[in-house]
Each structure stands twice: as structure tokens, then as C-alpha cells.
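Structure first, then comments.
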């Protein structure tokens, strides 16, 4: 999904990025959609087509298979709407919703897809919190199949071929800084996965990264601190509940 930021107020003090799967929601939406398949599982021949770094292409085949099995738009939407939020995440989203309008510019950045994300956010009443959603575009075609496309192409060897979140973060921050005429006071990033580690590397010493405790992002940050001290610059605040993120944000916005 592309972004046009011209209609976002330029007075925001802070920019906060969120991942979706296992960050905002407590499951992986790509795994959950399998519940719509016959017997709630995929055939081995389909699972065997997965290739490392090409998960997006694999999911395109999964969605095509589901359509062939008669799975409808409403079936998929219903599954997405039922995914539970991660612990304390609704509290965190409510905190952002009730802050003064000049505090937070909120961006969602996910390697899931736009239909899964929009379905959940709208059901949760949280869509209006997010100024921008960046994800793999997905729309239903005339045959009723959910067609997903890669978000972009890039040259990062660390990330899957369809999305490097660091590229998105760098481009967005650069464009918004130019539009605003000044940088943000701080940038925050809330995530869990290995693909959230790459964008976190782009942040500076005044910025804060919130990795979900003991998930891949947290482990990669810890390993980097041990192996290459000083390479990872952002302040790291692990979380098990979104309420821990709220507590730290309250302190930071009051400074």
C-alpha cells in the first residue's frame, strides 16, 4: 500500500511504528487463515512449495488454493476479526488514541497483507489510530480470490525479497522530515520478529525500540550488543505486555 502523507499534520512530536503479526495481534495472520482450509490444514504438496526468502510468493499460492476450495471473502475476514490482541496491546492503542493530537504519528508496517490488517483494525475499532499502513497490497479479484502482491523490491540481503522494513522506515522518515521542515523529537518502533530488527538498526540513540521479550527481534538485538557493542544505537525496552510500552511512553512524552 502506498503512502501519501500530505494530509498528516506536521506538528507531531513523535513517530511510532508498529509491526502487526505477534505484535499488535497475538498470532501470525498468515497461519490463522489456514483455519479456512478444508480440515483446517494445507496439503503437503502446497506446503512443500515454500522457499526461504520467498514467503510472500508462497502465501499467494495459499490464497489461490483457498479460493479453489470455495473459501470466501467473508470467511477470511471472520477469521482475521477473531485473532486476539497481544497482551496489553488494546491498552496501548487506547493510550495513543487519547493523547493530544500533536503527540504521536502512528504507522503500521507489516509483511502480512492489507486485507488481513484492515479487517482486524476495523473490527477492533483501531483503524483511525494509524496515519499510514504499509503492507503487501491484497484485493479480491472478480473470481473471489484474494490476490496479494509484493510490497516493493529492494537490495537488502537480510530481508525477504518482497519487503525490507528498514527501506520503508528510512524513506518515510526522510520524506516526512522534509515535509515537516524538522525531525521528530523521537522515533519509536514496536515489534517482535527478525524482520523488525533490520529497521531498528536505522534508529539513533534518542530513539526507542520496543522488542517483544524473548522473541526473535529481542534475541537479535541482544546478540548484536554482545558481538558488536555500539552497533545497535537505539534504547531497547523489551515488553511482554503493551502496558509496559505505555509506562515508558508516558515518561518520554513528559520530558
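These residue numbers are counts, starting from 1, taken along the chain as shown.
Every residue, even glycine, has its Cβ placed from backbone N, Cα and C.
Per TrEMBL, the feature active site, nucleophile maps to 19. What TrEMBL records for 21 is active site, proton donor. If you look up TrEMBL, you'll see 19, 21, 192 marked as Mg(2+) binding site. The annotation substrate binding site is assigned in TrEMBL to 30, 111.
Shown on the structure are the features that TrEMBL records.
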{"residue": "19", "record": "active site, nucleophile", "CB count, 10 Å": "25"}
{"residue": "21", "record": "active site, proton donor", "CB count, 10 Å": "24"}
{"residue": "30", "record": "substrate binding site", "CB count, 10 Å": "18"}
{"residue": "111", "record": "substrate binding site", "CB count, 10 Å": "25"}
{"residue": "192", "record": "Mg(2+) binding site", "CB count, 10 Å": "25"}
Check: min Cα-Cα distance from residue 30 (substrate binding site) over recorded positions 19, 21, 192 goes to 21
Those same-chain residues, other than 19, 21, 192, found with Cβ within 8 Å of the centroid of the Mg(2+)-site Cβ atoms are 20, 22, 23, 24, 28, 110, 191, 193, 196, 212, 215
Residue 192 (Mg(2+) binding site) sits from residue 21 (active site, proton donor) (Cα to Cα, rounded, in Å) at a distance of 8
The rounded CA-CA distance in Å from residue 19 (active site, nucleophile) to residue 111 (substrate binding site) is 8
